[in-house]
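So the structure is just underneath, and the comments pick up after that.
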Amino acid sequence: MPEDVPLDEHQRLMTAPADGADTAVAGREREPAGDRGGNAVARHSAAWTVYFAVVVVAVAVAVLGQTAVPAGNRGVAVTAIALIAVAYGLRGRRPQAGSPFVAGILLIFGVGAAAVPVTGYLLFALCPMIFLILEIRAAIVAVVAANLLPLAGGLHRDGVDWSFLAHQAPVSGVTAAAGVWLGVWIDRIVEQSKERAALIAELESSRAEVARLSHEAGVAAERARLAGEIHDTLAQGFTSIVTLLQAADPELADERLALAVRTARENLAESRALVAALAPAALASGSLPDAVRRQVNRFAEETGLAAAYRLSGDTRALPTAVEVVLLRAAQEALANVRRHAGAHEVAVLLAYAADSVRLVVRDDGRGFDATSAAGFGLPGMRARAAQVNGTLTVRSDPDTGTLIEVEVPA
């Protein structure tokens, strides 16, 4: 990487939206479930008002067209219709209007229906309104009563007329049954709409919670990744620098200082690559086999131990993620040998097979209990391998040393 690239440019390259886990979703404006429900109610209320007005006007026109009925009766019926329309305009669209309001409406309707029978067609508007205002049981009672009012009005107006009863009673029964069925159906639709609105609101809340948790998980994963990168690169490099400077022999001062400077430069390149979210500097300047070989050679120069590197199989280009995992595994394994093993010899094998690649690091130093190993070392290597569907195998014995093998499909 060029050394003159500004740090703030790298920062800009890797900057992401705060809610990156849900960027695509957050980019679209959503209408809250409550707003959608409110808009739906407003639309239905407007449509119902238009329907109510059309029925009222049609019935009023029909009443006025009943020229065979005395003008006084027509006046009473039209007045009743007008009072019902005014009452509806004042309170009829409010569910809290309640039973007294419905009782008053039915009383006025009964007077109008007794004056002019065609006023009974107003039931097409009154029955749905009753179900919108009252609870289901009270609404059923009120609708049945409303459908019986035209029959009662006819009996009051004309006395007992069996031919009228034979005609009007079945009609009233059928209209009452139809009104009850329609009302129950409307009530069920309303309840389903309420349940659907509640479900939508719950889903909106759940989606927001999922987005938040996804973002937090992404942040945590990125922190873990950065921690592992820093541990495997910068921390190891700084450790090497400190070790080289502390162990500097006056006769080897120039050589040790040169190694320290080179290690510092490599750490600087790694830090810039890390900030820019690029591949490791060691891979950017060569292939994976070359990068591993350089790690082994540098290890030998810094520690003075015998370090052998062997490459087997037909090399090929691998996905960047796979190469990063193998390179970091080599760096971490060699760093562990340097710090803990007390070894005399180290052997590193990079083996390419038909469907996988293996990295094996073996030393003849002190063994350890792999199950109790702490720090970022082995857990970090295992986590990295898992990210590319690979496996980490550790075999350690106090007498024979340690073998670390990372195998990834490729």
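Using the three backbone atoms N, Cα and C, a Cβ is placed for every residue, glycine included.
According to TrEMBL, the features are:
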{"type": "REGION", "residues": "18-38", "note": "region 'Disordered'"}
{"type": "TRANSMEM", "residues": "46-65", "note": "transmembrane segment"}
{"type": "TRANSMEM", "residues": "71-90", "note": "transmembrane segment"}
{"type": "TRANSMEM", "residues": "102-124", "note": "transmembrane segment"}
{"type": "TRANSMEM", "residues": "130-152", "note": "transmembrane segment"}
{"type": "TRANSMEM", "residues": "164-186", "note": "transmembrane segment"}
{"type": "COILED", "residues": "189-216", "note": "coiled coil"}
{"type": "DOMAIN", "residues": "321-410", "note": "domain 'Histidine kinase/HSP90-like ATPase'"}
Outside the transmembrane segment (71-90), six or more residues from its ends: residues with CB under 8 Å to it: 52-53, 56, 59-60, 63-64, 101, 104-105, 108-109, 111-113, 115-116, 119, 122, 126, 129
Helix, strand and coil counts within the domain 'Histidine kinase/HSP90-like ATPase' (321-410) (DSSP): 35 helix, 32 strand, 23 coil
Whole-number mean of pLDDT values that fall within the coiled coil (189-216): 84
Distant-in-sequence neighbours of the transmembrane segment (102-124), which means Cβ under 8 A and at least six residues beyond its ends: 55-56, 58-59, 62-63, 66, 69, 73-74, 76-77, 79-81, 83-84, 87-88, 92, 130, 133-134, 142, 145-147, 149-150, 152-154, 156-157, 175, 179
